[in-house]
Amino acid sequence: MTQTAPISPGARLAAMRAAAPLIHNITNYVAMNVMANVLLAAGASPAMVHAREEAADFAAVASALTVNIGTISPPWAEAMEAAAASAVAHGKPWVLDPVAVFASGYRSGACTRLLDLRPTAIRGNASEILAQSGGAAGASGADAGDEVSAAEDGARALARRSGAVVAVTGPVDFVTDGTRALRVANGHGLMPKVTALGCSLTGVVAAFLATGEDPLDAAAAALAFYGLAGERAAQGATGPGGFAVAFLDALHALTPAELDAGARIEAA
Amino acid sequence: MTQTAPISPGARLAAMRAAAPLIHNITNYVAMNVMANVLLAAGASPAMVHAREEAADFAAVASALTVNIGTISPPWAEAMEAAAASAVAHGKPWVLDPVAVFASGYRSGACTRLLDLRPTAIRGNASEILAQSGGAAGASGADAGDEVSAAEDGARALARRSGAVVAVTGPVDFVTDGTRALRVANGHGLMPKVTALGCSLTGVVAAFLATGEDPLDAAAAALAFYGLAGERAAQGATGPGGFAVAFLDALHALTPAELDAGARIEAA
Amino acid sequence: MTQTAPISPGARLAAMRAAAPLIHNITNYVAMNVMANVLLAAGASPAMVHAREEAADFAAVASALTVNIGTISPPWAEAMEAAAASAVAHGKPWVLDPVAVFASGYRSGACTRLLDLRPTAIRGNASEILAQSGGAAGASGADAGDEVSAAEDGARALARRSGAVVAVTGPVDFVTDGTRALRVANGHGLMPKVTALGCSLTGVVAAFLATGEDPLDAAAAALAFYGLAGERAAQGATGPGGFAVAFLDALHALTPAELDAGARIEAA
């Protein structure tokens, strides 16, 4: 038995851009515009479709789906569940973003129902993954109140229980499928000063999942790509406003070769 | 009978800015912020009002209305229809933006009902206009999958059937009232890499319609203004992030004389 | 009896940043993203939560609440009232932003019910405060159609009647608790050319109220901070696009010492 060479992050980026996958997003009002711009800049084709009348049909034709509970309300929750079930039925990957799942019983109930629909991946900050895995989150709003390291055991447990790849993002990201785990050390401290960059990352993860066979490595490549674009954008940025602009430019400009040279992915 | 001199695009821009028309927009969640900024930068006064409880009343006092189905759902569809009917009843122009009308039966049904309310103009990409005119669209998401040239016959037919000026926007725009037709060759390839610039153009078309007598020429002037601002913004832009910023600056800075010098409008 | 030294605007800014208060916002779709970025850049932690199922619970744990009627509809109005009542019950300040309250009977009815819930502060443009105080507004859309000076008497009356600090913002802001009044002369003419900067200011006022004892002086410090960031951002800005980017950078960079040096707050 011969071993195939591993697919590099840069090769994954090139494949994603070549496919320009249609990413169906049911996300929060704060994130919609920046997420669409992030996906366009990265090379994917975003669409935001949330009506119950069409969400399931649209998930069937899109390349991947993301579901983000940031500004969830009951009609949207119905569409999220219908779209996720449709994605699964049609063999399309879908990614869950459990924004502030710890903030209310309403949110945690919605996430429990979504988890039952077997997401391909879950991306959240440490507080969100801790809460999702049954732990106590040290946060009350949308920003993380816990260190990534504190959520690693929870992430492994959540991955094993749900069957999803779980990505805990922060200064150093941790991503696991319950068996293997990776750390991704790309990124910059200005990223959490721009709203919805975490939410938008969920879309980029979906775009890489849509065009890669192995969800753990595909997700890690997406995290490295995103973090490296953040590092490049921070060069010369004088604050979060200029950084956000330069970040879109960096997502657009970063080449596969640059990603291979700059990605800091290690076994955990 | 003497022939009056044609009104130049620059004169139309000056008239629009002098009037600063109040543009009532019922648009999608992705576009709202950028559309408001585009209208402010161009010189109009935007307002986003979608509640059924007030949409018809607001359409009666605004200078023009736009309706965009990008993130349509049933309560919004009701407000769209009520606002469009009110605009017509009060002699105000209204513009339909049939985002991804081909994506679901729900969308095409909503658009059919809106078309019956006789929009003054319809603006879409080639796939949207093709679908709206009864053809088969080569797209599945929000981005165009067809060439503008492929939608010209459909645009003429749609204009004749609906009574609306139909604008197909892309690398070279095509706009027709069913009898006459114009091509507008302004624009830049970075424009489709920024989300909601097409949606926002619909608002600028409405602003020019609100302050011009002849919808076909008013729409063409709006398209030339928009595209020329895109050309200017692309000078020195290093990617879609910086381009989006420079585009707002260009809409704000472009003078009527510069528009007259740079507009590339030709009979089709 | 000794008199304590007044707290400087810079000291209030430092206190706000040290606390990084969680600000719960129920605001309009146009403003959500920019408001979140403004609050992050200023040093607060924003959260947008509007579902009736959780809004009251969330208001109880947040440091302050803002309610903005810009794109109000009946389900959101219910959540606004529940959240405001919860904020009051838990001793948290809340700020009302009566966007275009004059535009429909639906809006003015919603505002009347919110006023009965005793906001800590009300921030609006001159036309909005005039309408809220029972006068006739000279505007039809979201932009002010009246001078700040024309709304001063109305602001005093509204403050006395409602118990709220009332801030009328414009070229020179006027803020009063019904007894005392201040003028804040910071700001720049490009600010109203960027959508939702007024809405976002409401969040900054809430952040200062959440970390200051005296609402009138806390609100004035917030207005000075915001206006001074606008003045700094305008240096070198070539239009509303670049200005909006530089404005976030300025909110992030402005130091307490710079605010104390640049604030132009005077008794009215």
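The backbone N, Cα and C atoms fix where each Cβ goes, glycine too.
Caution: TrEMBL annotation is automatic and unverified by curators.
Not measured: the values here are computed from a predicted model.
Annotated substrate binding site per TrEMBL: A:Met48, A:Ala196, in sequence order. Among the features that TrEMBL reports, ATP binding site is placed at A:Arg123, A:Thr169.
Recorded features from TrEMBL, shown on the structure.
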residue: A:Met48; record: substrate binding site; Cβ contacts under 8 Å, 6 or more apart: A:Asn25, A:Ile26, A:Thr27, A:Met32, A:Met35, A:Ala36
residue: A:Arg123; record: ATP binding site; Cβ contacts under 8 Å, 6 or more apart: A:Val95, A:Leu96, A:Asp97, A:Val166, A:Ala167, A:Thr169, A:Gly198, A:Leu201, A:Thr202, A:Val205, A:Ala219
residue: A:Ala196; record: substrate binding site; Cβ contacts under 8 Å, 6 or more apart: A:Asn28, A:Val30, A:Ala31, A:Val34, A:Met35
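Closeness to chain B is evaluated for the binding-site residues A:Met48, A:Arg123, A:Thr169, A:Ala196 by Cβ distance, with values under 8 Å counted; counted residues in sequence order are A:Met48. Contact annotation for chain C: of the listed binding-site residues (A:Met48, A:Arg123, A:Thr169, A:Ala196), A:Ala196 place their CB atoms under 8 A from a CB atom of that chain. According to DSSP, A:Met48 (substrate binding site) sits within a strand segment. All protein chains considered, the CB of A:Thr169 (ATP binding site) has 28 other CB atoms within 10 Å.
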